[in-house]
Structures are given as structure tokens and as C-alpha cells.
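Participant: Encoded as C-alpha cells, here's the structure I'll be asking about.
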């Protein structure tokens, strides 16, 4: 698509990271069912009197709290089952079947690949599916194919988009996971990489197996643990070097999180470079739109942060690590701007890490495509800024309405109204007294005025004497 061009007619590119909300407006008796996986505040049941009006009203409040917890939980809110329940009109499709159809069409022209099995729900994206693959030329080698549909941030022209997707295997960097094969149509793309049995950085942190469903792995982890200082320093430096390389090439990469970092021994490699080309929203977009910052907290504490910005950091195991967190997560950083990748590389936590790289980085992108990437990046940022403005306006209006309707504000307005009424009554009384006084002065003015002296008589005329 050209700059800010709308999607083709009939093609709705939804932002699956956009939060949904639900409100209970009425009740209806249905067969019972439960949703499990996380500790959620389900309201208590009642065997006797469960159809009484008071109990139904109280249970409705409890169910509303239950829904609010689900829609504000980052992992649950992006779950396909939750999306289908809250928005069946937009999430009724069988995305696995759609992916299989697209992949089958691809195999007609590329018969050397073979699907071993679907890797069901190993990722969080609804419109991105994974398949375990093998090559007929090397049947013992395990590969993973990822297929994804276009997202709402796809601003590249179709020709440029397909060209860039096909360039991905040419990207070579010691800290970027190598792409074996990639291709694209006008509506989707598929990428094949080597399957890594060890999994991602998040798998290491959460002690999870790569093939397990995303929500099961990370929804309610029991063994999650932060990394040791040596690994944090080394992994952090490697990730920053990969980001700097992409930035220098003019390639946008806004998809950094622990699940997009593959581990090979003690080496980190970034995944999913194709996401920005496809226009897929970031995993942390809800944070971007409200807080304008991403973070790397998970590597330190073994879990995402509870809130950003933050001014209360956990007990420091190392001073240099806290300085990095403060530079990225503190209110000052979120207000004034987080440090650049180059600035982070100069901080003490990363600057003394030695990297012995034998692989020469290279990624040749033609000048025409670099310009297209620059324009697409500007479009993505513009959409994000517009969304931030809408959210901030909504917050201000909500805050104003909440303040206006608060009990304290109502009392204040009543007191002001009484004071104004008393002031008006007092001013009216004073005005009436003034008018009454002026009226009395006008009525008695003739009697009180001094007498006028009579005029002197006119002397007799002497003319003609």
C-alpha cells in the first residue's frame, strides 16, 4: 500500500492487540460451564435460593469483576477463546484451517517441503500459525514454518513487501536467527527456520517446553526465575547489538520481547523480522499506546512489570542493573524519553561485555526499499501517536466525569450553591434597603428644604422728573 493508503475493499485488517471490554447487562439461566488456567475471581455459588433477585444481582457484580480481570490480563486478553467470546463477529474464523490452505497452496510450487504436524497455539498471535516441517532433501532436520496474515500496520506497497520478505534469508548476523526460506503473497507471508529444541529466552525464564501452548507455558508459571547477572549482561549486549545493526540498516523492529529471542547455547538471536513488514502490532502495543515505553524487566525478575512507569524497584542484586531499569522504566525516563540503543550499549552493565563474533554481519537492502521502509515506519508511528492521543483524551474525560460525579464533588457543589444562594439573598436584601432609603429621601425633600428670601421691591421710576 502507498503512504497511509487504506486496505483493499472487503479486507478488514484488525488490530488484535486492541483491548476489548465486556459489561453484564442482564442475566439468563444456561448450562453451567467454567474457564480454567489461571486463578480468577469467580463469584461463589449458592445451592439454595440461587434464583433470588438479591443473589442474582450480587453474582452479576461478581461476574463483572471476573470479566474485568480477564480483559485486563495481557495474556488472556489476546487469547483466541476470549476474543471469540467477546467479539464473535470478527473472530469466528478457523485460523488454523486458513493457514493450512495457504501453506498447501505454497507446497504446490515447492514440493521439497513436507508438514510433519501443526504446532498448535505455541504463539500468542491469533492470525499466526506454526507447523513442524522437514525437507525431503534432509529428512532428519526439523524445521518450523510460520504463516501470518497481514496486520493493520502494513503500509508497504505489495511489490516492496514481497521483495523485502524474499530478502530475509540474506540477513546474516551473529545475533539474528537465520531464515531458511521466506515468501509472500498479497495477503500473507510464510517463513521457514530451523526448529530449536531449547526454545526461546522466555522458555528458559519460565522453564517451559517450546511445543506447549503459549497460555499454558506462560499464563500461570510455577517455576519462573530471573537470570543470573552474567547472562543478563551477555544477553542484553547481544540483543542491543542486533537492534543497532537493524537500526543502522533502516529496518524497523518493534517486536522485542522474551519470546522473540532464540537461544543457542549462550548466544541470543532475534526472531520474527517479518512482523514489521507484515504490519503486525507488537506484543507490547497496549503498553506503547498508554505508556509509550517497552521494557526488559522479565529478564531480571522472571515476570513482566506490574506497572510502568515505576519508581519502586525490587531489592537490587547489582547496582548497574538498577541503573538500566531506572533509565528505561522510571517516570523521568517515560516523560523525557528512554535512552537510545547506542546509549544503552555505553552503560556499565553492557559496555564491558566481550563478544567474540566470527560471523560477519550483512543485510543488503536496496536504497528504494530503504525509503519504502522509512515511509512505512513513519506511518506506523503516526497511527500509534494518534491512538495515544485518543486514549489520553478518553482518560481526561473519564477522570473529569468521575470527579464531577464523586460524593466529595457533589458536597462541594451543594456548599457552593448554598453560599451563592445566601450571597444572592443578602445582595437582594441590601439592594432593597438601598431602594427603600432612596424612596424616603425623595418623598420628604420639599419640607426640609430652606425657605427662599422674597425678592426686593422695585423702586419707583423717576423718569420725566
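Cβ from N, Cα, C; glycine included.
What you are looking at is a predicted structure, and each value in this text was computed from that prediction instead of being measured.
Here's the feature list from TrEMBL:
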| type | residues | note |
| --- | --- | --- |
| COMPBIAS | 393-403 | compositional bias 'Basic residues' |
| COMPBIAS | 411-423 | compositional bias 'Basic residues' |
| COMPBIAS | 437-455 | compositional bias 'Low complexity' |
| COMPBIAS | 456-465 | compositional bias 'Pro residues' |
| DOMAIN | 1-93 | domain 'PX' |
| DOMAIN | 116-435 | domain 'Protein kinase' |
| REGION | 393-465 | region 'Disordered' |
Participant: Tally of helix, strand and coil residues over the compositional bias 'Basic residues' (393-403) according to DSSP?
Facilitator: 11 helix, 0 strand, 0 coil
Participant: If you average the pLDDT over the domain 'Protein kinase' (116-435), what number do you get?
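Facilitator: In the predicted model, the domain 'Protein kinase' (116-435) has a mean pLDDT of 84.
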Participant: Provide the three-state DSSP residue tally for the compositional bias 'Basic residues' (411-423): helix first, then strand, then coil.
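Facilitator: So the counts come to 13 helix, 0 strand, 0 coil.
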